[in-house]
Every structure is written in C-alpha cells, then in structure tokens.
Amino acid sequence: MAAKLSIKTASSLFLVLYSTMILFFALPCFSSDPDPLQDFCVADLNSTTTSVNGYPCKPESQVTSSDFVFSGLVEESSTDNPEGLGVRFGNVKFFPGINTLGISISRIDLALGGIVPAHIHPRASEINYVMKGEVNVGFISTKNVLYSGVLKAGMMAVVPRGLVHYTKNVGGEKAVLLAILNSQLPGTVSIPSNIFGAKPTIPNDVLSKNFRVNDTVIANIKSKFPAN
C-alpha cells in the first residue's frame, strides 16, 4: 500500500513539474521578446515606418543567405579606455537576421584588470561564457545579496533579467567572453554613466543625499563622466 502511494505521489510530482516546464517555455508571457508569427523577419534597418517590438521585415524576395550569417564578433575590439573594455555587439542593429527571434550575442574583450561596469539589461537574462582568461562575474539580488564567482575558460554564469551585475578580469592575461541574451535588443543601463553622466544632469544635491557625501565629491565624480 505504501509503495503504491509513493509511486502515485512521485507520478503526481512529475506531472506538475512537466506541466510547469511546458507552461514556462511555451507561453509567450514568459518570453523576453514576443514570439514570431513567421519563419523569419530580417530587419529592414532603413525603414522609416514606426515599429513596436522590432523592426519591419525586409521583403522576403530580398532576403538572402547572407542575412543569417554574421562575422562581427571575429575581431577583438579596442580596450583603450578607462574601463579596459571592448565590446562588439551582435544585436538586431548589427545582425538584422535575428529580428523577432528573441536572441542576441556580444563579444566582450577585457584588458588586464579591465571591467564591465555595474549595469543592467532591462529586457533580458544573460549567460556569460568565458572563451579566454579568468574573470569574476557577480550580480546583486533585490535583497542586496551579492552572488559572484571566478570563471575560467570554458565556464559560464547566468545573470537574471534586470539585476545589477558586473564582470572583472582577475587573471594574468586578456579575457574574452561571449554574452548571450534572450532578447534581440536587451538594452544596457550602465549604472555609473547613467547616474553621473545623465543629460540633463541630475542635481548634485539629489546625488549627494543618495550617496551620503557632499556636493564636492559628486562634482568630482561627474567630471569623470561627461554627459553624452
């Protein structure tokens, strides 16, 4: 009797788990980007038509195999900047073939000691895959808990959607990562430049109150992040 009850309970748990997985992966409400209603929709980046959640489609008669091939991540990007960071983007603006497909990928190059500043992606979760070097990847939960770890080549880490995260090269050589995101245009909000380089600028007294420092400290930090 007990054995039968155990089997029945296990079967019920399996059914619930299976149903949950089906709902999670099948329902559009759990997707980052809307599900496409066609095989593909190569972005027409030159269109002047107003669009929502993606670019208008290039006429199918004009689509070729080259629209689905992208070589923009082959070469490393310059890391000659204060962060020691170089990025080559593989989002829909650079790779029109992924329009409506809900994916994008970028190459990140980090010089010795280089860092991807604390930032968020408002429209995507992210997987960081280390191709070369050794990096520290961390994200902060809404409860202000830091989850971090050191990754070596061949390892990867996941960052949940919308959470503040960073990556720092902690190895003895340049580091190369691939950032894979479940949105064709995930968006990036870099916390330092977003706060201190906003245009129009955020008033110093607002920032000094937030960071519990005086206006002089805020003015000094702002001078390092000129408004774009």
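Placed from the backbone N, Cα and C atoms, the Cβ positions cover glycine too.
Automated prediction, rather than curation, is the source of TrEMBL annotations.
TrEMBL lists HIS119, HIS121, GLU126, HIS165 with the feature Mn(2+) binding site. Of all the Cβ atoms in the protein chains shown, 23 others lie within 10 Å of the Cβ of HIS165 (Mn(2+) binding site).
Residues within less than 8 Å, Cβ to Cβ, of HIS121 (Mn(2+) binding site) and separated from it by at least 6 positions along the same chain comprise VAL159, ARG161, GLY162, LEU181, SER183, PRO186, GLY187, THR188, VAL189. According to TrEMBL, the oxalate binding site annotation covers HIS121, GLU126.
What TrEMBL lists as disulfide bond is CYS41-CYS57. The number of other Cβ atoms within 10 Å of the Cβ belonging to CYS57 (disulfide bond), over all protein chains shown, comes to 20.
Here TrEMBL flags 71-219 as domain 'Cupin type-1'.
According to TrEMBL, the feature signal peptide maps to 1-31.
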Structural state census, the domain 'Cupin type-1' (71-219) (DSSP three-state): 22 helix, 57 strand, 70 coil
From binding-site residues HIS119, GLU126, HIS165, the one whose Cα lies nearest CYS57 (disulfide bond): GLU126
Euclidean distance between Cα atoms of CYS41 (disulfide bond) and GLU126 (Mn(2+) binding site), Å: 23
